[in-house]
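Feature annotations, courtesy of Swiss-Prot:
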BINDING   D32, A33, E34, Y35, D36, S81, L82, E139, R162, E199, K316, K340  NAD(+) binding site
REGION    104-125  region 'Disordered'
ACT_SITE  K141  active site, N6-AMP-lysine intermediate
BINDING   C434, C437, C452, C458  Zn(2+) binding site
DOMAIN    616-702  domain 'BRCT'
Amino acid sequence: MKSMLEKINQLRDVLKHHEYLYHVNDAPEITDAEYDALLEKLREWESQYPELMNPDSPTQKVGASPSTAFKPVTHQVPMLSLDNVFDEKGFLAFNKRVSERLEAESSAQKASLNPLVRDSDQKNRSEKNVQEALTFCCELKLDGLAVSLIYEKGELTQAATRGNGFQGENITHNIRTIQSIPLRLKGKALPQRIEIRGEVYMPQAGFEKLNKQARANHEKIFSNPRNAAAGSLRQLDPHITAQRPLNFFCYGVGLLEGGVLPQSHIQRLMQLKAWGLPVHDRITLCTGAEQVMAFYQEIAQARATLGFDIDGIVIKVDDVLLQEKLGFLAKAPRWATAFKFPAQEKTTQVLGVEFQVGRTGALTPVARLEPVELGGALVSNANLHNADEIARLGLRIGDTVVVRRAGDVIPQIVNVIIESRPQNTVEIIFPHHCPICKSVAKRIEGEAVIRCTGGLFCPAQRKEALKHFVARRALDIEGLGDKIIHQLVDKKYVQNPADLFHLTSEKLLSLKRMREKSAQNLLNSLKKSQKTTFARFLYALGIREVGETTAANLALYFGQLDLLRKADIETLKKVPDVGEVVAKNLVDFFGNEHHQQVISALESVLDWPDPEPIEKPNHPFRDKTVVLTGSLNAFTRDDLKAHLISLGAKVSGSVSKKTDFLIAGENPGSKAQKAEKSGIKIMNEPELIEFLKALKPEGTKV
């Protein structure tokens with residue numbers, strides 16, 4: 001029994017990890033189908049061993065804890081999630097459970113009716129056979145973010161995420177920017193207070209446009225519309241949310257005070273629509289299992305034409321009084337379920353494999369497929385990741401494979417249909433030389449990827465390196481998008497980043513779609529970017545594993561480029577956040593002859609101030625380890641981090657014995673508790689501001 005307990009607890013931990021990634025970080029590592037399979041396995045084990053049930057199990061919970069970036073909101077009526085069914089058999093089992101429970105209840109004394117949902121027909125309601133009365137309201141299951149909207153006397157006063165079902169995040173300012181959500185309800189007989197529940201989502205066209213803009217600006221690309229919607233709602237600046245193409249459909253009511261609603265769920269939705277709230281027009285009343293299955297098939301076929309992502313339908317008992325009789329389980333209502341679509345899969349043939357070269361030289365195999373329509377999109381390639389993945393699949397060129405749109409977005413090969421393998425398949429062999437520059441390609445010990453060793457000599461790496469070099473957090477060169485970079489490299493106008501600063505108006509005007517004004521603006525941006533900082537310069541070089549914080553630490557520690565490029569591994573490891581791997585990457589980068597030439601060329605065109613000497617007695621943060629937590633008002637986290645580093649501090653992401661200070665913003669969370677227990681000095685934001693002011697000469701700004 002002990003081994004079974006260990007298995008169950010291990011699976012619970014895995015599910016909790018993925019719940020956190022999905023609900024809090026908006027960065028899932030597995031598909032919805034894979035998560036559902038894990039949860040189903042846990043349910044099966046807990047059913048077999050009920051004595052091992054734990055109230056904290058993922059089967060008993062709704063979602064992950066709310067982020068600390070927004071103020072918490074407690075839901076007066078819990079926002080529970082739904083149980084899932086995945087096929088007709090599962091739906092019929094749900095239908096049977098509902099019918100049997102209502103039949104068992106019908107002989108008992110009627111439960112007292114909620115006066116808030118009475119209407120004039122309620123008292124005259126005749127006795128009906130349970131099966132005849134059982135009508136379902138069927139809706140689309142949007143793949144977005146569930147939200148709660150509170151209207152008081154018709155005015156929108158609060159909006160919150162679902163969070164863990166009992167406590168969410170206050171996102172009122174961001175919700176007010178969504179055009180489809182009315183700030184005031186229209187009509188008469190509005191309730192004193194009503195909670196509207198619905199889904200915020202991003203239409204597919206808006207998602208594609210958002211990612212296109214992000215690529216042009218060298219910003220983060222969202223993996224799917226759901227993540228884009230969630231990330232947009234969690235922006236601290238509502239102006240950013242206002243620029244995102246978000247939409248909303250409501251699907252129900254939570255809290256109701258001082259008002260009357262119909263006893264039919266679909267009639268309630270029609271009432272909400274009359275008040276000005278958006279309700280999707282494909283909601284349908286279905287009597288009996290046959291009609292529900294017909295609706296399911298209809299929506300499955302229409303799915304690709306909707307213009308937004310759905311992953312199934314939602315089936316709800318329409319009669320609100322019957323909903324009350326059926327009640328709730330720990331995490332979901334008994335009267336509703338989500339009938340999820342299977343992951344979109346089709347078979348096709350692998351025509352070949354090409355190898356793409358990334359910024360750091362990683363050779364990524366991409367399968368070229370016989371084009372196949374999948375979820376409304378024509379899929380003609382799939383990322384194979386690395387040699388280990390190819391070996392796991394046992395994949396060969398010419399194989400027939402099952403392709404799935406993971407999370408309904410990213411094409412991936414699920415498995416090879418071995419019985420369909422022809423005799424003339426070809427083994428996939430990783431090249432020994434880069435397919436672009438012909439430099440040696442080799443696999444580094446301990447890594448799964450094979451890399452081109454050509455560095456910036458490689459045109460493919462050069463293009464990606466240039467995109468990184470001009471990005472906002474690097475040299476911040478406005479107007480230099482991906483298409484322009486590709487043309488500059490292809491025309492051999494730019495061989496390395498230093499060549500950017502020798503571009504002329506004539507060369508720029510020879511590029512496609514380049515006009516005189518755009519060319520001059522780009523030249524102005526290039527000139528402006530020549531004045532930078534040592535830290536930005538180091539980050540812009542694109543050295544593997546050297547992010548903004550590490551670049552800032554290196555700049556602070558060495559102060560001068562000459563000292564940095566002469567440093568050995570042991571010296572580099574003395575820098576905060578630099579370990580063996582990063583130190584070796586730095587030594588290899590600065591030891592590369594081509595890189596040395598590029599850096600020398602950049603030194604001749606860029607200018608950054610020498611670091612100001614930091615006197616220990618005047619700067620209490622010097623050589624101190626500082627941790628930031630909670631949401632800040634006077635600073636952005638990046639700006640404060642950079643300022644602390646400039647004062648000589650080492651900024652860390654976690655509290656440990658080495659931590660000297662904890663800077664706590666609003667809703668600081670567990671880091672503050674740990675720091676307090678460890679006796680670490682904690683400063684709130686006002687205290688920090690006063691502390692920093694005391695370090696500055698009079699009249700200067702923090």
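Any Cβ shown, glycine's included, is placed from N, Cα and C.
When the binding-site residues E34, D36, C434, C437, C458 are compared by Cα distance to K141 (active site, N6-AMP-lysine intermediate), the shortest distance belongs to D36. Across the structure, K316 (NAD(+) binding site) and C452 (Zn(2+) binding site) place their CA atoms 56 angstrom apart. Comparing C434 (Zn(2+) binding site) with D36 (NAD(+) binding site), their Cα atoms are 40 Å apart once rounded. Rounded to a whole number, the C-alpha distance linking D32 (NAD(+) binding site) with C452 (Zn(2+) binding site) is 35 angstrom. DSSP assigns L82 (NAD(+) binding site) to coil in the three-state reduction, placing it in neither a helix nor a strand. The Zn(2+) site is set by C434, C437, C452, C458; from the centre of their CB atoms, other residues of the chain with a CB within 8 Å are V357, G361, H433, P435, I436, K438, S439, A441, T453, G454, F457, P459, A460, Q461. A gap of 38 Å separates the Cα atoms of E34 (NAD(+) binding site) and C458 (Zn(2+) binding site).
Using CA atoms as reference points, the binding-site residues C437, C452, C458 were checked against L82 (NAD(+) binding site), and the closest is C452. Long-range Cβ neighbours of C437 (Zn(2+) binding site) (same chain, at least 6 residues apart, Cβ-Cβ under 8 Å): C452, G454, F457, C458, P459, A460, Q461. Note on the binding-site residues L82, C434, C452, C458: the fewest other CB atoms within 10 A surround the CB of L82.
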